[in-house]
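S.K.: As annotated in Swiss-Prot:
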type     : residues                                               : note
ACT_SITE : Glu91                                                  : active site, proton acceptor
DISULFID : Cys104-Cys340                                          : disulfide bond
BINDING  : Cys111, Cys115, Cys118                                 : [4Fe-4S] cluster binding site
BINDING  : Gly163, Glu164, Ser195, Ser218, Leu219, His220, Asn296 : S-adenosyl-L-methionine binding site
ACT_SITE : Cys340                                                 : active site, S-methylcysteine intermediate
Amino acid sequence: MKPSIHSLVHQTMQEWVLEQGEKKFRADQIWEWLYRKRVQSFEEMTNLSKDLIAKLNDQFVVNPLKQRIVQESADGTVKYLFELPDGMLIETVLMRQHYGLSVCVTTQVGCNIGCTFCASGLIKKQRDLNNGEIVAQIMLVQKYFDERGQDERISHIVVMGIGEPFDNYNNVLNFFRTINDDKGMAIGARHITVSTSGLAHKIRDFADEGVQVNLAVSLHAPNNELRSSIMKINRAFPIEKLFAAIEYYIETTNRRVTFEYIMLNEVNDGVEQALELTELLKNIKKLSYVNLIPYNPVSEHDQYSRSPKECVLAFYDTLKKKGVNCVVRQEHGTDIDAACGQLRSNTMKRDRQKAVAAVNP
């Protein structure tokens, strides 16, 4: 199985070109064809020699993904189901925001974090995506607009799809390098956000990288007992260890951290929990931001339901009165398989049902 050309960061592409006996500037030409002109085949790279095109075709593919399903919401959200070369399925979501087009990418096939409210973890991690498979999600979403003649360009990226990004650390970092490259897609680092469920040691590593990418932490509970009951990762990285890493990140980078907090009815949405959260954030209040997330129900996790609006507002008001910066996240795609992992999970169910029906007509 040939790798995608998108797996090469700019420097690696320069090295590959030199290994082929070509001049270094050829790498810049290939890069421009891929990320500025966004071609779908090497044959479209008309300023390259036939010999170099043949070498590219022999060693790489341009697009490693196959589009299986596209769902468009009334609010402009678009959800994509892509098939990988090995037949595995992943999801990508485009969201229209007031500040531009934002794409949520997946970094792993399945997830081992095991959050008890999440559709992504219904299927355990099968493998990491390589850099090229993550980049290709962005390129195919952009192609969706290019083909329609819509003069719109992806401006923001959130790494919050299926999987734990910091469990696929090096591929995710190379993804950042590729899409941030000023000769390519040139998406600013401050327009990119990566979300972790709390791998404390990787948060420290990320602080030391010196990149300008934004950090979000999936917190979802203000104390260890509650967090461990809904997020098993808290047993390995309890709140004390997690917040020591977060404080190190803030001291090292002087950058704000966003805390994701999903609102689960009668689980973590009480004023008591809001007060606990303000206490937890008191030392980093100036550089923290809480994102309150309305819950998208998942049939396999029917023990949970969405917090009533009045509970969300009471929680929000409590944080605000204590000086915590917070917002209630705007919902997207509520009329399609909205929750992360739902489209993939539902498609896999239907595929299994078809297979069983074929065996037992």
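Here the Cβ of each residue, glycine as well, is placed from N, Cα and C on the backbone.
Please go over these features one by one and say how buried each is and what sits next to it.
M.R.: Under DSSP, Glu91 (active site, proton acceptor) is assigned to a strand (E or B) in the three-state scheme.
In the shown protein chains, 24 other C-beta atoms lie within 10 A of the C-beta of Cys104 (disulfide bond).
DSSP classifies Cys118 ([4Fe-4S] cluster binding site) as coil under the three-state reduction. Of all Cβ atoms in the shown protein chains, 25 besides its own fall within 10 Å of the Cβ of Cys118 ([4Fe-4S] cluster binding site).
Sequence-distant contacts (6 or more apart, same chain, Cβ under 8 Å) of Gly163 (S-adenosyl-L-methionine binding site) comprise Thr106, Thr107, Gln108, Val109, Gly110, Cys111, Ser120, Lys125, Asp128, Leu129.
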S.K.: Which of these recorded positions is closest to Cys118 ([4Fe-4S] cluster binding site) if you go by CA atoms: Cys104, Glu164, Leu219, Asn296?
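M.R.: So, of the listed recorded positions, the one sitting closest to Cys118 ([4Fe-4S] cluster binding site) is Asn296.
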S.K.: Can you figure out which of Glu91, Cys104, Cys115 (the recorded positions) comes closest in space to Leu219 (S-adenosyl-L-methionine binding site), comparing Cα atoms?
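M.R.: Of all the candidates listed, Cys115 is nearest in space.
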S.K.: Starting from the Cβ of Cys115 ([4Fe-4S] cluster binding site), draw a 10 Å sphere and report how many other Cβ atoms land inside it.
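M.R.: Within a 10 Å radius of the Cβ of Cys115 ([4Fe-4S] cluster binding site) lie 20 other Cβ atoms.
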S.K.: If we check Cα distances from Ser195 (S-adenosyl-L-methionine binding site), which of the recorded positions Glu91, Cys104, Cys115 wins as closest?
M.R.: Cys104
